[in-house]
Amino acid sequence: MQRRNTLQRLRVKEAIDVLGHPTSDELILYMNKTHPDVSLATIYRNLSILLEDGAVIKLKLGNSNIYEAVKEKHYHFVCRECKNIIDIPLDKMNEIMIPKEIMDNQIVDHDFVFFGYCKNCKKNIIWKEDEKNEEVCM
Ligand SMILES: [Zn+2]
Ligand SMILES: [Zn+2]
(Lines of atoms letter the chains of each structure in order from A and count residues from 1; the text may use other names and numbers.)
(Lines give C-alpha, C1' and ligand atoms only; values in the text may rest on other atoms or scores of the structure.)
(Ligands and ions follow the chains in the order given, each with its own letter.)
Protein backbone atom coordinates (compact mmCIF):
# COMPACT_ATOMS: atom_id res chain seq x y z
CA MET A 1 0.00 0.00 0.00
CA GLN A 2 2.77 2.36 1.00
CA ARG A 3 4.53 1.63 -2.25
CA ARG A 4 1.46 2.29 -4.35
CA ASN A 5 0.92 5.62 -2.60
CA THR A 6 4.48 6.65 -3.33
CA LEU A 7 4.07 5.76 -6.99
CA GLN A 8 0.91 7.80 -7.31
CA ARG A 9 2.55 10.76 -5.61
CA LEU A 10 5.39 10.50 -8.10
CA ARG A 11 2.89 10.58 -10.95
CA VAL A 12 1.23 13.70 -9.62
CA LYS A 13 4.64 15.33 -9.22
CA GLU A 14 5.64 14.26 -12.75
CA ALA A 15 2.43 15.69 -14.16
CA ILE A 16 3.17 19.05 -12.49
CA ASP A 17 6.71 18.93 -13.90
CA VAL A 18 5.45 18.25 -17.42
CA LEU A 19 2.72 20.91 -17.29
CA GLY A 20 4.95 23.55 -15.71
CA HIS A 21 2.39 25.74 -13.97
CA PRO A 22 -0.90 23.86 -13.97
CA THR A 23 -4.09 24.90 -12.22
CA SER A 24 -5.75 22.06 -10.31
CA ASP A 25 -8.21 21.63 -13.23
CA GLU A 26 -5.38 21.28 -15.73
CA LEU A 27 -3.58 18.84 -13.45
CA ILE A 28 -6.70 16.69 -13.05
CA LEU A 29 -7.40 16.75 -16.79
CA TYR A 30 -3.85 15.64 -17.50
CA MET A 31 -3.92 12.91 -14.85
CA ASN A 32 -7.25 11.61 -16.18
CA LYS A 33 -5.69 11.30 -19.62
CA THR A 34 -2.35 9.82 -18.64
CA HIS A 35 -3.35 7.81 -15.55
CA PRO A 36 -7.11 7.22 -15.63
CA ASP A 37 -6.73 4.67 -12.80
CA VAL A 38 -5.81 7.39 -10.29
CA SER A 39 -8.94 8.78 -8.64
CA LEU A 40 -9.71 12.44 -8.03
CA ALA A 41 -9.46 11.94 -4.26
CA THR A 42 -6.05 10.33 -4.70
CA ILE A 43 -4.83 13.24 -6.83
CA TYR A 44 -5.95 15.78 -4.21
CA ARG A 45 -4.53 13.75 -1.34
CA ASN A 46 -1.15 13.40 -3.02
CA LEU A 47 -1.15 17.04 -4.05
CA SER A 48 -1.62 18.12 -0.44
CA ILE A 49 1.16 15.77 0.71
CA LEU A 50 3.47 17.21 -1.96
CA LEU A 51 2.61 20.71 -0.71
CA GLU A 52 3.25 19.69 2.89
CA ASP A 53 6.57 18.10 1.96
CA GLY A 54 7.56 21.27 0.15
CA ALA A 55 8.11 19.44 -3.13
CA VAL A 56 5.39 21.51 -4.79
CA ILE A 57 4.29 25.07 -4.15
CA LYS A 58 0.97 26.75 -4.72
CA LEU A 59 1.01 30.25 -6.19
CA LYS A 60 -1.74 32.74 -6.68
CA LEU A 61 -1.30 34.37 -10.06
CA GLY A 62 -4.10 36.79 -10.77
CA ASN A 63 -7.38 34.95 -10.38
CA SER A 64 -6.04 31.43 -10.45
CA ASN A 65 -4.01 29.22 -8.18
CA ILE A 66 -1.28 27.32 -9.91
CA TYR A 67 1.00 24.54 -8.76
CA GLU A 68 4.67 24.30 -9.51
CA ALA A 69 7.42 21.84 -8.65
CA VAL A 70 9.95 23.58 -6.44
CA LYS A 71 13.02 24.83 -8.25
CA GLU A 72 15.28 27.85 -7.97
CA LYS A 73 13.69 31.13 -6.95
CA HIS A 74 12.15 32.89 -9.92
CA TYR A 75 9.38 35.28 -10.84
CA HIS A 76 6.51 34.97 -13.26
CA PHE A 77 5.00 36.76 -16.19
CA VAL A 78 1.35 35.87 -16.83
CA CYS A 79 -0.30 36.52 -20.18
CA ARG A 80 -3.85 37.68 -19.59
CA GLU A 81 -4.98 36.42 -22.96
CA CYS A 82 -3.57 32.92 -23.42
CA LYS A 83 -2.77 32.45 -19.68
CA ASN A 84 0.73 31.39 -20.62
CA ILE A 85 3.15 31.67 -17.70
CA ILE A 86 6.78 32.52 -18.31
CA ASP A 87 9.48 31.92 -15.68
CA ILE A 88 11.81 34.82 -14.99
CA PRO A 89 15.09 33.76 -13.35
CA LEU A 90 16.16 35.78 -10.34
CA ASP A 91 19.40 36.93 -11.93
CA LYS A 92 17.44 38.69 -14.65
CA MET A 93 16.02 41.03 -12.04
CA ASN A 94 17.85 44.07 -10.80
CA GLU A 95 18.63 44.36 -7.14
CA ILE A 96 15.45 44.72 -5.15
CA MET A 97 15.02 47.70 -2.87
CA ILE A 98 13.33 46.88 0.42
CA PRO A 99 10.84 49.66 1.18
CA LYS A 100 11.75 51.51 4.35
CA GLU A 101 8.25 50.96 5.79
CA ILE A 102 9.09 47.27 6.26
CA MET A 103 12.82 47.53 6.84
CA ASP A 104 12.50 46.76 10.59
CA ASN A 105 10.64 43.53 9.96
CA GLN A 106 12.18 40.17 9.32
CA ILE A 107 11.60 39.45 5.65
CA VAL A 108 11.73 35.79 4.73
CA ASP A 109 10.38 35.74 1.23
CA HIS A 110 8.92 37.92 -1.49
CA ASP A 111 7.29 37.53 -4.86
CA PHE A 112 6.63 39.51 -8.00
CA VAL A 113 4.16 38.72 -10.71
CA PHE A 114 4.04 40.60 -13.98
CA PHE A 115 0.78 40.65 -15.89
CA GLY A 116 0.42 41.58 -19.51
CA TYR A 117 0.19 40.14 -22.97
CA CYS A 118 2.83 37.82 -24.36
CA LYS A 119 4.50 38.60 -27.65
CA ASN A 120 2.12 36.32 -29.53
CA CYS A 121 -1.00 37.92 -28.08
CA LYS A 122 0.05 41.53 -27.86
CA LYS A 123 -0.42 42.36 -31.55
CA ASN A 124 -4.12 41.46 -31.39
CA ILE A 125 -4.79 42.68 -27.91
CA ILE A 126 -3.31 46.13 -27.39
CA TRP A 127 -6.61 47.94 -28.00
CA LYS A 128 -8.36 46.07 -25.17
CA GLU A 129 -6.21 47.71 -22.50
CA ASP A 130 -7.31 51.19 -23.59
CA GLU A 131 -10.95 50.37 -22.97
CA LYS A 132 -10.50 49.09 -19.45
CA ASN A 133 -9.24 51.14 -16.59
CA GLU A 134 -7.23 48.45 -14.88
CA GLU A 135 -5.42 48.56 -11.62
CA VAL A 136 -1.83 47.43 -11.53
CA CYS A 137 -1.38 44.13 -9.73
CA MET A 138 1.95 43.74 -8.01
ZN1 LIG B 1 -0.43 35.23 -24.65
ZN1 LIG C 1 7.52 29.16 -12.46
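Every residue gets a Cβ built from N, Cα and C, even glycine.
Where the annotation comes from TrEMBL, it is an automatic prediction and has not been curated.
As annotated by TrEMBL, Zn(2+) binding site applies to CYS79, CYS82, CYS118, CYS121. All protein chains included, CYS118 (Zn(2+) binding site) registers 17 other Cβ atoms within 10 Å of its own Cβ.
A coil conformation is recorded for HIS110 (Fe cation binding site) in the three-state DSSP classification, outside any helix or strand. Feature annotation from TrEMBL assigns Fe cation binding site to HIS110.
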I'm trying to understand the geometry here, so how far is the Cα atom of CYS79 (Zn(2+) binding site) from the Cα atom of HIS110 (Fe cation binding site), in Å to the nearest whole number?
21
